[in-house]
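K.L.:
First the structure, then my questions, so here it is.
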Amino acid sequence: VMAALRSLGPLLCLWALRLPTGPGAAARPLDIASYRERVRAMFYHAYEHYLESAFPYDELRPLTCDGQDTWGSFSLTLIDALDTLLILGNVSEFQRVVNVLQEGVDFDIDVNASVFETNIRGEVGFSVVFMQDYLFVRVCAVHRVNTPVIQKYDVSAFQTPTGMPYGTVNLLHGVNPGETPVTCTAGIGTFIVEFATLSHLTGDPVFEDVARKALKALWKNRSDIGLVGNHIDVITAKWVAQDAGIGAGVDSYFEYLVKGAILLQDKELMSMFLEYNKAIKNYTKFDDWYLWVQMYKGTVSMPVFQSLEAYWPGLQSLIGDVDNAMRTFLNYYTVWKQFGGLPEFYNIPQGYTVDKREGYPLRPELIESAMYLYRATRDPTLLELGRDAVESIEKISKVDCGFATIKDLRDHRLDNRMESFFLAETVKYLYLLFDPDNFIHNDGSVFDVVMTPYGECVLNAGGYVFNTEAHPIDPAALHCCRKQKEEQWEVEDLMREFYSLKKKTNKKFTFKRASDQGEGESAKDPEDSSSEKGGEKRNSRKNLHSLLSCPSQSFTSKLAVLGQVFLDNT
């Protein structure tokens, strides 16, 4: 009887979600302005302590108030938090940090870098420039100058018989001779958003070409029932880990098919995702949960929910499948309410955490889905998740020097680490959930027209596409910067003409514009700090020091045997 009741736990929690929690609770609206300011305070509490105690190290250690290098000593937290400053409206600090990073970060060094993590975290150079017109025209020239460096350590990884990239390269020497050919699916299929952007910026098609070839290689090697596994040999195209699902090791591959299709208006990418979506529903979906199955047979290999899977409802909302998205979101929300966060692995039949996977490193995925779904539905339940996230993180994770990873959600023990994605994603999505008028949510009614030597460019019209590290790309700017490879833009002439025309005409093209938002004000539209010498734009492709192609789930971690996770240390 007890076992039966335990198995009903998630369903009972889901039912409880629909009930008021106290007198008048059903009618009491959430004070989103208050929570928005609390999120802002969360950001600055973590950000300022990073600057005071950890910079120039990669990450803050909040329990000991010092720093540590985790990816190669490139001030990763500062790089990852850069565009969050703009979303919060702090243009002056954004400009200062851009200058600091441009002057102080060296990429041409003897360090091993994860190609996957370098791409998703280090592409801040794309995101920030598309938010401010004074930086927009500069980026084409900046990225053109740095193209050879980018090619050396990123594109060289794709030089395999299959076109699927190695997981790690050395920034000075390229792919190491003894580099493992085994890479996770996400580490192969998570490039089209950033690489297509880079091709548009530079006029060099090689970046988009290698990203597309890798996507098509995965598509070609899917199983007969339409699924892909978790790890593959990029030399032989043989699947090494054959567990199929939507979580760690696979997740952002599906995400980038959808976002790449939206960003590039590419029907082929969308049709690929829709075919995968059919197979995912047929073989992995059970009662609005998604399990792990054997990629060739479709038999369940691991009945768990991984916290990284919580991006899926947000992705469903992007293709208009809102009803299914909400049902799955509510399942995931029950887990949050059970623990005050999402454990890395959650055993669905048992309704509890999985051994050695009880932690919550302040991941953003469920909050990300809430932000997307709230934009689509305005369902107040989604704001309630945001409220619960703020309350949980502040109560459990906040310490004197920042916010600490929760090592174990069962007893709320903490770990001495604050990962960079907390400022890049978690806080950003929370803020955007509670800031419906943020410029990121622009519906196209407000925009800028910027003059270039090649005509007018529309910028800041909305429709931003977030990469998987929550760095937004303006598709209008992407289109505007597109040009043929043979076109040569001289930086000096470009900047002289741009600033000359801007002084005369730039504001005249804006239908309406909010006043300049400084620190402490809501970021409805980061405005016109172009007069402050236009913040310098650097190519911020991050260097990572990692031997794993997918740090979130190493190859040595076998997925499942009879539904139980175990480590293979042999």
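Note that Cβ sites are derived from N, Cα and C of the backbone, with glycine treated the same way.
Automated prediction, rather than curation, is the source of TrEMBL annotations.
Quick paste from TrEMBL:
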- 1-26: signal peptide (SIGNAL)
- GLU117: active site, proton donor (ACT_SITE)
- ASP251: active site (ACT_SITE)
- GLU344: active site, proton donor (ACT_SITE)
- GLU365: active site (ACT_SITE)
- THR468: Ca(2+) binding site (BINDING)
- 513-538: compositional bias 'Basic and acidic residues' (COMPBIAS)
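Describe each of these features in terms of where it is and what it packs against.
P.N.:
Within 10 Å of the C-beta of GLU117 (active site, proton donor) there are 26 other C-beta atoms, taking all protein chains into account.
GLU344 (active site, proton donor) is surrounded by 24 other CB atoms, counting those within 10 A of its CB over all protein chains shown.
Neighbour count (other Cβ atoms within 10 Å of the Cβ, all protein chains): 25 for THR468 (Ca(2+) binding site).
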K.L.:
If you count, for each of the active-site residues ASP251, GLU365, the other Cβ atoms lying within 10 Å of its Cβ, which residue has the minimum?
P.N.:
GLU365
K.L.:
Given the recorded positions ASP251, GLU365, THR468, state which is nearest to GLU117 (active site, proton donor) when distance is taken between Cα atoms.
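P.N.:
Of all the candidates listed, THR468 is nearest in space.
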K.L.:
Taking only the Cα atoms, work out how far GLU344 (active site, proton donor) lies from GLU365 (active site), in Å, as a whole number.
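P.N.:
So the alpha carbons of GLU344 (active site, proton donor) and GLU365 (active site) sit roughly 11 Å from each other.
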